[in-house]
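Data block below; observations after.
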């Protein structure tokens, strides 16, 4: 690396890359939970690469889309592998994303306002990208998922119907809808990549948080080689998980209904999105009013934008706030159970459970700052 230092020093682009990946100062005590940012970048590049090969054979037409995916899996050399890597890679991406965000909430990384705001925007854009990707195979669940989720927009007062028809490109989910979703599904990952660069730029401007939440400016070390090797171990493990899942049980996280071509005349017994959206879907279903459900669904995600404006506690991390630690893990359990409920039919006792858990989900964001304030009074 020393051999190339003069080149890194005087070339503007290389200097920025060098300062971001090699010469970056990082807190000495950051743990394994700080690895997930780099794992997300690996997952994103995997998705872009596999998606690029899939788009060479995919046909965005309602008559041919299902059969083009079938053709990729049956006749394209290693097409089945590329397609299942792409599908399971999306699941792995969201696992890493939820852990990354959970770590940010637990260790109060949301105090870095610009970094957190851009990160939340990346999360919303990732959800939109994944939803549109779920529609592209044009199986039963793809078609009905597109119909049900986009139809929710009709609940928006005054603009709802016009907005829905505009997205559909007609008066129902049709060929125009599929073409639009395919276009945006191809485009959005590159926008996400650009936003990731902005996210990193803001992060490197302020410096990373650490598990203790303390100011450790005198205890910083170089990112390379100390943390790059640590990240490579994470890369190795995450690729093993992805490849093992893809080779042993590639359709484990998929929906059986999507193996049937889309048929607008037959409704599946239970319409649901991919597993990583089920928590929000359960919140949507828990409200017995269409507009109320949509507001709750939107707020379950947009409430993350409010975190940087909460009560500023004395110590950044949850490490010294035992009551908040308990509350956080209760919130985590709530998130997991909501995901499970979202995969179940809309019947008792799932409706009652989802309503109780939705109440707790939102209450976490309301109660947490007050407990911080109470604990600060006890300690200081």
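Cβ coordinates come from backbone N, Cα and C, glycine included.
Residues or ranges marked as domain 'Cytochrome b/b6 N-terminal region profile' in TrEMBL: 4-212. According to TrEMBL, the feature transmembrane segment maps to 33-59, 80-101, 116-136, 143-168, 180-203, 232-253, 291-311, 323-343, 355-375. The feature heme b b566 binding site is assigned by TrEMBL to 100, 199. Annotated ubiquinone binding site per TrEMBL: 204, in sequence order. As annotated by TrEMBL, domain 'Cytochrome b/b6 C-terminal region profile' applies to 213-380.
When the alpha carbons of residue 204 (ubiquinone binding site) and residue 100 (heme b b566 binding site) are compared, the span between them is 17 angstrom. Applying an 8 A CB threshold to same-chain residues 6+ apart, the list for residue 199 (heme b b566 binding site) reads 115, 118, 119, 122. Long-range contacts of the transmembrane segment (143-168) within the same chain: residues 131, 134-135, 174, 176-177, 180-181, 262-264, 267-268, 271-273, 284, 290-291, 293-294, 297, each at least 6 residues beyond the stretch ends and with a Cβ under 8 Å from a Cβ of the stretch. Residue 204 (ubiquinone binding site) counts 18 other C-beta atoms within 10 Å of its own C-beta, drawing on all protein chains shown. Here the listed stretches are 33-59, 180-203, 291-311, and the one with the most C-beta pairs under 8 angstroms to the transmembrane segment (232-253) is 33-59. DSSP assigns the residue listed as 'ubiquinone binding site' to a helical segment in the three-state reduction.
Listed in sequence order, 36, 37, 40 are the same-chain residues at least 6 apart in sequence whose CB falls under 8 Å from the CB of residue 100 (heme b b566 binding site).
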